[in-house]
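Chemist: Pulled from TrEMBL, these are the listed features:
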type	residues	note
DOMAIN	9-137	domain 'Nudix hydrolase'
BINDING	Arg30, Glu41, Phe42, Pro43, Gly44, Asn126	8-oxo-dGTP binding site
BINDING	Gly44, Glu64	Mg(2+) binding site
Amino acid sequence: MTETTAPIPHKQIGVAVIYNELGQILIDRRPEKGLLGGLWEFPGGKIEPNETVEECIKREIKEEIDIEIEVNDLLIIVDHAYTHFRVTLQVYNCRYLSGEPRPIECEEIRWVTIDEITQFPFPKANIEIIKALNNKKLDK
Ligand SMILES: Nc1nc2c([nH]c(=O)n2[C@H]2C[C@H](O)[C@@H](COP(=O)(O)OP(=O)(O)OP(=O)(O)O)O2)c(=O)[nH]1
Ligand SMILES: [Mg+2]
């Protein structure tokens, strides 16, 4: 007997770690309903065909939070398998430029320090990102 299993979706995501002038990082809480509901994340979303990761990140941050940012260097690429899908998160260090953050596609937004980040529940895939942020802090 042969069993056919549909391949699980693999999402390519651009993610922004946005720093303000105080060195705080912007995090947002995902909508209560739906995938990974109510968990905190770094803003971002799916990379569309014909756009670069940098373009994706700028577009998503404008759509979700309505601010302008500068996309700088790559922090880390994280591959993670959840039960029903896989994600590749391409995480870039970014700098806040202008605009008043508004929670357009999320429940709420906060500026937090790296030390405060551990108090917020994040999805599993974010453990590696937060580790990378802590290592970066130790380098300084
Ligand atoms: N933006 C962002 N996404 C994350 C993080 N950690 C993490 O596991 N993800 C996952 C959750 C989502 O499956 C995916 C982001 O995709 P998305 O926000 O564009 O859209 P979604 O899958 O929630 O919604 P949909 O368009 O498929 O309905 O990456 C993170 O820190 N930031
Ligand atoms: Mg998103």
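Note that Cβ sites are derived from N, Cα and C of the backbone, with glycine treated the same way.
Predicted, not measured: the structure shown is a model, and the values here were computed from it.
Show me how these features fit into the shown structure, please.
Modeler: Mapped onto DSSP classes, the domain 'Nudix hydrolase' (9-137) shows 29 helix, 52 strand, 48 coil.
The local packing around Gly44 (8-oxo-dGTP binding site), expressed as other Cβ atoms within 10 Å of its Cβ over all shown chains, amounts to 23.
Of all Cβ atoms in the shown protein chains, 20 besides its own fall within 10 Å of the Cβ of Glu64 (Mg(2+) binding site).
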Chemist: Give the sequence-ordered list of residues that share a chain with Asn126 (8-oxo-dGTP binding site), lie 6 or more positions from it, and have CB atoms under 8 Å from its CB.
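Modeler: Spatial neighbours, sequence-distant, of Asn126 (8-oxo-dGTP binding site): Glu41, Phe42, Val78.
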Chemist: For the 8-oxo-dGTP site as recorded (Arg30, Glu41, Phe42, Pro43, Gly44, Asn126), determine the largest distance between any two Cα atoms, in Å, rounded to the nearest integer.
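Modeler: Site span for 8-oxo-dGTP, by Cα atoms: 14 Å.
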Chemist: For Pro43 (8-oxo-dGTP binding site), write down the residues of its own chain that are at least 6 apart in sequence and whose Cβ falls under 8 Å from its Cβ; none is a fine answer.
Modeler: Val15, Ala16, Ile18, Leu26, Asp28, Glu60, Ile61, Glu64, Ile65, Cys106
